[in-house]
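**Q** Not my notes, these are from Swiss-Prot:
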REGION    1-190  region 'Enoyl-CoA hydratase/isomerase'
SITE      Glu120  site 'Important for catalytic activity'
SITE      Glu140  site 'Important for catalytic activity'
BINDING   Asp297, Asn501, Tyr660  substrate binding site
REGION    312-721  region '3-hydroxyacyl-CoA dehydrogenase'
BINDING   Met325, Asp344, Val401, Val402, Glu403, Lys408, Ser430, Asn454  NAD(+) binding site
ACT_SITE  His451  active site, for 3-hydroxyacyl-CoA dehydrogenase activity
Amino acid sequence: MIYEGKAITVKALESGIVELNFDLKGESVNKFNRLTLNELRQAVDAVKADASVKGVIVTSGKDVFIVGADITEFVDNFKLPEAELVAGNLEANRIFSDFEDLGVPTVVAINGIALGGGLEMCLAADYRVISSSARVGLPEVKLGLYPGFGGTVRLPRIIGADNAIEWIASGKENSAEDALKVGVVDAIVAPEKLQAAALDLIQRAISGEFDYKAKRQPKLDKLKLNAIEQMMAFETAKGFVAGQAGPNYPAPVEAIKTIQKAAIFGRDKALEIEAAGFVKMAKTSAAQSLIGLFLNDQELKKKAKGYDEVARDVKQAAVLGAGIMGGGIAYQSAVKGTPILMKDIREEAIQLGLNEASKLLGGRLEKGRLTAAKMAEALNAIRPTLSYGDFGNVDLVVEAVVENPKVKQAVLAEVEANVGENTILASNTSTISISLLAQALKRPENFVGMHFFNPVHMMPLVEVIRGEKSSEEAVATTVAYAKKMGKNPIVVNDCPGFLVNRVLFPYFGGFARLVSAGVDFVRIDKVMEKFGWPMGPAYLMDVVGIDTGHHGRDVMAEGFPDRMKDDRRSAVDALYEANRLGQKNGKGFYVYETDKKGKPKKVNDPAVLDVLKPIVYEQREVSDEDIINWMMIPLCLETVRCLEDGIVETAAEADMGLIYGIGFPPFRGGALRYIDSIGVAEFVALADRYAELGALYQPTAKLREMAANGQSFFGQASSEV
């Protein structure tokens with residue numbers, strides 16, 4: 001053994017060939033944490049010191065190659081002063097450069113996922129051979145960063161600036177075939193032939209058949225582009241990528257600027273430019289929020305996995321209520337492999353549900369995401385029915401009928417009488433109390449809420465609602481089924497609106513106050529979209545449905561009359577009474593025309609001003625900053641209350657619920673991280689400035705206590721890649 005550590009070993013194989021193997025003890029994946037980087041330095045030094053070494057192959061002892069850097073270490077590292085961070089980054093990069101500069105040929109055998117620093121390690125080798133099942137990429141832009149272990153330097157010198165920009169700015173994972181096509185790897189082989197292929201390649205390099213020094217040299221030189229080529233490659237790309245990413249996500253454009261700036265230099269100077277730019281990105285609020293979001297997502301997945309031990313497998317599902325929602329649920333279940341019955345009392349509703357599922361499957365077929373055989377298999381997994389005849393062997397039923405407690409109770413009681421004693425019933429409701437609905441059931445322990453978001457196939461969140469009598473097995477099984485459907489489940493406790501709608505309606509409450517204060521709703525939409533929301537509140541209300549919003553507002557007002565009840569007529573009342581229901585009937589705050597693709601397109605409608613005139617009670621001068629605060633303070637404070645009330649267990653779940661459920665701007669990290677970014681004490685002071693607007697703007701006693709004690713919602717990182 002030439003070197004043995006906790007993450008890396010180096011052993012002799014044959015004829016001067018050694019294997020440097022990554023296998024981080026106690027972990028399911030390899031990653032570049034401090035330990036691994038330090039051992040890589042020692043391993044490279046050990047290889048350099050051994051005169052008998054003629055070539056190195058790099059392998060992984062795990063199913064993946066290396067998933068990247070240990071993101072949990074970022075949180076503390078990025079708090080360091082810039083100069084210290086740059087120095088640390090350059091020190092890490094010297095390790096990769098020392099590996100690259102070995103006086104013998106090097107081959108990396110990529111057996112599985114190689115992302116971020118994992119792929120950057122591969123780029124430092126002379127040759128790369130990949131398993132046909134492996135995937136590679138540089139996803140750092142998704143964290144508000146860009147590659148910091150030499151990726152912006154080596155990749156463009158290996159595959160050209162255009163291809164490198166596409167790989168780095170998109171942050172996509174790429175197949176082995178795509179990697180071979182652009183030249184990221186030199187060969188692709190079947191998984192079982194990977195080791196043999198790597199050995200063959202290194203032997204041919206040692207023998208001189210392949211000139212490894214000539215292969216290495218372009219990575220050490222400046223980028224081979226003349227001035228015109230540089231302008232075409234970089235200036236065009238910057239404009240296009242800026243349009244795609246938007247102003248709130250600077251990392252992709254900054255990555256291009258770094259590649260451009262470093263293009264005229266050799267490797268070592270180029271790495272210095274990369275390090276300075278990487279650290280600049282690490283200090284942005286976008287990076288801090290997106291890293292927090294990543295860690296929250298990992299925590300969410302861990303929590304969901306924690307239910308696996310108690311969960312029963314859902315082999316057969318059913319959905320009550322066809323139509324668009326039922327069809328969407330049926331599609332999602334079937335396409336992910338769980339057969340599902342789709343029941344309704346009307347044949348036309350069944351047809352509507354089947355049409356919805358067929359349309360969604362057809363869309364995937366057109367985009368190449370599904371084969372014709374898989375589409376047929378998924379369609380066959382959806383069995384329409386008008387009766388309960390086949391419900392005896394169903395493991396879980398999703399009730400998705402009209403949002404009316406009496407109707408839901410009647411349907412749930414009826415289905416309970418037609419299923420097995422252990423069958424779980426889950427109500428897809430957005431606001432109605434699960435404990436209230438459970439009163440109609442003989443086995444309330446088998447009943448939970450399962451709130452899907454519309455459109456089902458696109459929205460990643462499912463709220464699993466625990467009622468007063470819901471058993472742990474019922475909750476766990478529903479969580480497992482949601483995961484099986486490809487969704488991100490969050491378990492919440494029962495209350496009006498649960499988590500997402502309970503938080504959303506105070507946001508709408510802020511909007512209603514602004515409109516009643518004479519602020520143009522089009523301006524409000526523009527300000528909130530600029531803030532980072534995918535759509536402004538007026539447009540969102542139109543998409544949700546004015547009638548749905550009207551009903552939800554009343555439910556929330558009944559549940560929380562102290563702060564959500566408003567006796568004055570609002571914009572939603574005025575539109576509802578004028579039968580302007582939003583996109584569903586072509587007119588709400590906006591009117592809707594059909595575009596060339598058959599999708600609704602919003603258009604301003606002067607006539608709506610007459611409808612809204614009676615609910616404008618004053619004319620206030622408000623700044624754009626005021627608009628943001630009128631909207632965001634109620635949303636943030638209600639999120640705080642949900643956490644304090646135990647509706648949601650952790651700050652991470654609360655924030656991810658808002659990002660996945662209502663499109664909270666990801667680069668701001670979620671409501672609680674947004675408070676942290678302002679500072680809890682500063683946020684409380686900000687809310688107090690708007691206290692005259694009512695109870696929605698009143699911080700809780702506990703939040704004031706946090707402010708006084710200098711506390712925050714997110715302390716140390718607790719999850720790993």
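Any Cβ shown, glycine's included, is placed from N, Cα and C.
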**Q** Around the Cβ of Val401 (NAD(+) binding site), how many other Cβ atoms lie within 10 Å? Please give the count over every shown protein chain.
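**A** Total other Cβ atoms inside 10 Å, all chains included: 22.
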**Q** Please name which of the recorded positions listed here, Asp344, Glu403, His451, is nearest in space to Glu120 (site 'Important for catalytic activity'), Cα against Cα.
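**A** Out of the listed candidates, the nearest Cα belongs to His451.
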**Q** May I ask you to report the DSSP-based helix, strand or coil state of His451 (active site, for 3-hydroxyacyl-CoA dehydrogenase activity)?
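**A** SS state of His451 (active site, for 3-hydroxyacyl-CoA dehydrogenase activity) = strand.
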**Q** Secondary structure at Lys408 (NAD(+) binding site) (DSSP, helix/strand/coil)?
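**A** Note: Lys408 (NAD(+) binding site) is helical by DSSP.
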**Q** Take the region 'Enoyl-CoA hydratase/isomerase' (1-190) and average the pLDDT across it for me.
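**A** On average, pLDDT over the region 'Enoyl-CoA hydratase/isomerase' (1-190) sits at 97.
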**Q** Val401 (NAD(+) binding site) to Tyr660 (substrate binding site): how many Å between their Cα atoms?
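**A** So the alpha carbons of Val401 (NAD(+) binding site) and Tyr660 (substrate binding site) sit roughly 23 Å from each other.
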**Q** Quick one: largest C-alpha distance among Met325, Asp344, Val401, Val402, Glu403, Lys408, Ser430, Asn454, binding NAD(+) per the record, in angstrom?
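**A** Max Cα-Cα spread across the NAD(+) binders: 20 Å.
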**Q** Rounded to the nearest angstrom, how far is the Cα of Asp297 (substrate binding site) from the Cα of Asn454 (NAD(+) binding site)?
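**A** Approximately 21 Å lies between the Cα of Asn454 (NAD(+) binding site) and that of Asp297 (substrate binding site).
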**Q** Within 10 Å of the Cβ of Asp297 (substrate binding site), how many other Cβ atoms can be counted across all chains shown?
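**A** Within a 10 Å radius of the Cβ of Asp297 (substrate binding site) lie 17 other Cβ atoms.
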**Q** Indicate the candidate from Glu120, Asp344, Glu403 with the smallest number of other Cβ atoms within 10 Å of its Cβ, considering only these recorded positions.
**A** Glu403
**Q** Tell me which of the recorded positions Glu140, His451, Asn501 ends up closest to Glu403 (NAD(+) binding site) in space, Cα to Cα.
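**A** Going through Glu140, His451, Asn501 one by one, the Cα closest to that of Glu403 (NAD(+) binding site) is His451.
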**Q** Would you kindly give the Cα-Cα distance separating Asn501 (substrate binding site) and Asp344 (NAD(+) binding site), rounded to the nearest Å?
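**A** Here the two Cα atoms lie 27 Å apart.
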**Q** Determine, from DSSP, whether Glu140 (site 'Important for catalytic activity') sits in helix, strand or coil.
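**A** DSSP assigns Glu140 (site 'Important for catalytic activity') to helix.
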**Q** Which whole-number value in Å describes the distance between the Cα atoms of His451 (active site, for 3-hydroxyacyl-CoA dehydrogenase activity) and Val402 (NAD(+) binding site)?
**A** 13
**Q** What whole-number value in Å do you get for the largest C-alpha pair distance within Asp297, Asn501, Tyr660, the residues recorded as binding substrate?
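**A** Spelled out: the longest distance between any two Cα atoms in Asp297, Asn501, Tyr660 is 20 Å.
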